[in-house]
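Pasting a structure below so you can have a look.
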Amino acid sequence: MSVGFIGAGQLAHALVKGFTAAGVIATKRITASSPDTDLPTVSGLRKMGVNLTTSNKEVVSKSDVLFLAVKPHIIPFVLDEIGPDIEDRHLIVSCAAGVTISSIEKKLLQYRPFPKVMRCMTNTPVVVREGATVYATGTHAEVEDGKLLEQLMASVGYCTEVEEDLIDAVTGLSGSGPAYAFTAVEALADGGVKMGLPRRLAIRLGAQALLGAAKMLLDSEQHPGQLKDNVCSPGGATIHALHVMESGGFRALLINAVEASCIRTRELQYLADQEKISPAAIKKTTLDKVLQQPGVGTGVGVRTGSGISLFNNSHPRNKK
Amino acid sequence: MDSNLRIGFIGAGNMAYGIAKGVLQSGDVPPTNVKVSAPSRRNFDRFQELGVDLTHSNTELISSCDLVFVAVKPHLVETVLCEISHHVTSKHIIVSVAAGVTLEMLEGLLPPESVVLRLMPNLPCLVQKGALLFSRGTRARPEDGALLRSLLQHCGVVEEGPEAWIDIHTGLSGSGVAFVYLFAEALADGAVKMGMPSALAHSIAAQTVLGAGQLLRDSGKHPAQLRSEVCTPGGTTIFGLHAMEQGGVRAATMNAVETATERARELGRKASSTATQNRK
């Protein structure tokens with residue numbers, strides 16, 4: 001089995017690093033494409049032994065499982081480019097936040113009757129094999145395709161199938177989650193430094209505390225509320241600290257954060273479906289390179305100047 | 001338990017009534033072995049229905065009882081104890097129910113060999129659903145605690161602890177009852193705002209608190225667990241809970257218990273110093 005990545009940025013890099021650490025696939029069976037060969041992630045991938053190319057079509061021809069690891073607004077261009085080259089064996093896995101299976105299928109149906117599409121939402125800790133991944137299965141993907149993807153993603157952390165309508169919530173929780181955690185550790189470390197600890201030690205201890213607590217929770221049958229109680233001796237330091245946190249509305253803050261991320265994901269998806277994206281919003285090099293590829297022509301609704309409509313080939317719609 | 005044990009109550013208010021009811025419910029003590037004293041007849045009626053003896057004389061009561069609950073208002077405790085002190089022997093067990101009156105104070109007002117315990121009940125003792133915490137004085141032995149516990153078992157939940165916990169218990173469960181009433185009122189107000197008639201809203205709010213409380217007590221589960229179980233993903237409850245978190249209800253509740261506890265401690269300190277002053 002060969003795996004390909006359209007896009008060689010943070011996500012592709014993290015996944016490849018995780019897959020190879022897990023030994024689930026050899027790097028020589030991995031191909032990745034990127035228009036920009038100067039990216040640090042590109043050199044990182046090259047060092048790992050991944051085959052690199054500037055041609056998306058080449059990735060397609062050399063892969064069975066094809067990860068779309070580009071930014072959401074690039075997806076439609078990529079699909080238009082590689083559409084004609086998709087074969088029956090291909091399993092397309094989109095990792096783009098807010099991009100629906102139906103929008104991808106709609107594009108690919110122009111080229112193939114039964115494109116096999118899956119959508120996954122993962123997160124950066126796949127790089128250390130502690131990722132959190134969910135996936136949803138498209139109309140024409142088989143049970144085996146799901147199992148295959150699950151096997152791959154389970155090698156780099158937790159992986160489970162969900163209904164597609166939950167993916168935005170997952171984005172808000174575990175997609176953005178590591179950022180919440182990094183912020184928390186940084187702030188905890190600040191607290192430690194304020195109280196006299198050297199910075200590096202403070203960060204180390206803060207991160208280890210979160211790591212340890214998470215592991216305890218995942219290994220335990222107990223409710224996190226109970227585990228919290230277990231740490232809080234009567235009248236002790238911890239309960240005093242927790243009171244401070246409650247007074248600061250800590251819980252509400254976290255709920256708000258997850259909600260905000262989820263809502264924004266939906267907004268971006270809506271924007272992608274409904275609105276025009278100006279060419280300036282897309283890196284010029286990417287657009288040029290895409291347009292230069294053989295087979296990508298004017299017949300696919302790419303218009304410059306008056307804005308580009310992403311998911312339909314008719315004239316640009318008016319903004320609502 | 002000794003079936004001849006005679007129980008007395010100095011004071012005929014709510015606390016005495018609630019405890020007396022619970023004591024009688026156990027069946028170990030016949031009503032004829034229970035006596036209540038109060039200065040006026042005002043509160044005697046409901047005690048009469050219990051079939052207990054009634055008197056206006058505290059000294060008569062202490063002489064004819066073995067275990068005596070001192071259930072008068074805190075500011076009257078000193079007067080009452082001074083009054084009965086000469087009749088208190090080492091065979092008596094004195095249980096004070098007065099908030100803010102420390103064991104040290106109680107023992108200071110009674111003869112040196114006196115057996116004293118301090119009890120903090122709460123209002124729902126009236127319906128045998130109380131939360132009671134007691135603490136043993138210097139001369140009170142474990143058996144005295146066990147006796148008290150078995151007498152009180154029908155009043156509700158009875159626990160023993162060091163005296164330091166009694167102020168916390170006051171904040172948590174003594175005052176806590178009022179916090180629950182506040183919450184119930186607010187639940188009802190919310191429902192009224194949404195269009196439900198007030199009487200119905202209040203009735204349902206009360207039952208909601210009662211039912212939730214019973215489930216919490218009987219399930220043995222952590223409240224966080226029970227809360228999770230009610231929260232369907234994306235459902236009404238989680239939305240409502242978010243509003244509560246945003247309102248800082250948790251912190252406010254912790255603050256309430258803390259403030260009430262601190263006040264109990266302060267009152268205890270004040271009462272101690274006043275008593276010390278008075279004795280000088």
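Each residue, glycine too, has its Cβ placed from N, Cα and C.
Predicted automatically and left uncurated, TrEMBL annotations should be read as such.
What TrEMBL records for this protein is below:
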type    : residues                                                                                 : note
DOMAIN  : B:6-100                                                                                  : domain 'Pyrroline-5-carboxylate reductase catalytic N-terminal'
BINDING : B:ILE10, B:GLY11, B:ALA12, B:GLY13, B:ASN14, B:MET15, B:ALA71, B:VAL72, B:LYS73, B:PRO74 : NADP(+) binding site
BINDING : B:ASN58                                                                                  : NADPH binding site
DOMAIN  : B:163-267                                                                                : domain 'Pyrroline-5-carboxylate reductase dimerisation'
Near the residue listed as 'NADPH binding site', meaning Cα within 10 Å, which of B:ILE10, B:ALA12, B:ASN14, B:ALA71 (binding-site residues)?
B:ILE10
Using DSSP, what is the helix/strand/coil residue split across the domain 'Pyrroline-5-carboxylate reductase catalytic N-terminal' (B:6-100)?
43 helix, 19 strand, 33 coil
Inside 10 Å of the Cβ of B:LYS73 (NADP(+) binding site), count up the other Cβ atoms and send me the figure.
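Step by step: centre on the Cβ of B:LYS73 (NADP(+) binding site), count other Cβ atoms within 10 Å, giving 12.
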Within 10 Å of the Cβ of B:ALA12 (NADP(+) binding site), how many other Cβ atoms can you find? Include all protein chains, please.
24
Restricting to the same chain and to sequence separations of six or more, state which residues have a Cβ under 8 Å from that of B:ILE10 (NADP(+) binding site).
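Listed in sequence order, they are B:SER37, B:ASN58, B:LEU61, B:ILE62, B:VAL68, B:PHE69, B:VAL70, B:ALA71, B:VAL72, B:VAL80, B:ILE84.
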Using a 10 Å cut-off on Cβ-Cβ distances across all protein chains shown, tell me which of the binding-site residues (B:ASN14, B:ASN58) has the largest neighbour count.
B:ASN58
Helix, strand, coil: count each for the residues of the domain 'Pyrroline-5-carboxylate reductase dimerisation' (B:163-267), based on DSSP.
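Secondary-structure breakdown of the domain 'Pyrroline-5-carboxylate reductase dimerisation' (B:163-267): 89 helix, 0 strand, 16 coil.
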Let me make sure I understand the span of the NADP(+) site: among B:ILE10, B:GLY11, B:ALA12, B:GLY13, B:ASN14, B:MET15, B:ALA71, B:VAL72, B:LYS73, B:PRO74, what is the greatest distance between any two Cα atoms, in Å?
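Across B:ILE10, B:GLY11, B:ALA12, B:GLY13, B:ASN14, B:MET15, B:ALA71, B:VAL72, B:LYS73, B:PRO74, the widest Cα separation comes out at 14 Å.
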For B:ALA71 (NADP(+) binding site), just count the other CB atoms lying within 10 A of its CB, please.
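Excluding its own Cβ, the number within 10 Å is 28.
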Return the average pLDDT for the domain 'Pyrroline-5-carboxylate reductase catalytic N-terminal' (B:6-100) as a whole number.
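Looking only at the domain 'Pyrroline-5-carboxylate reductase catalytic N-terminal' (B:6-100), pLDDT averages out to 94.
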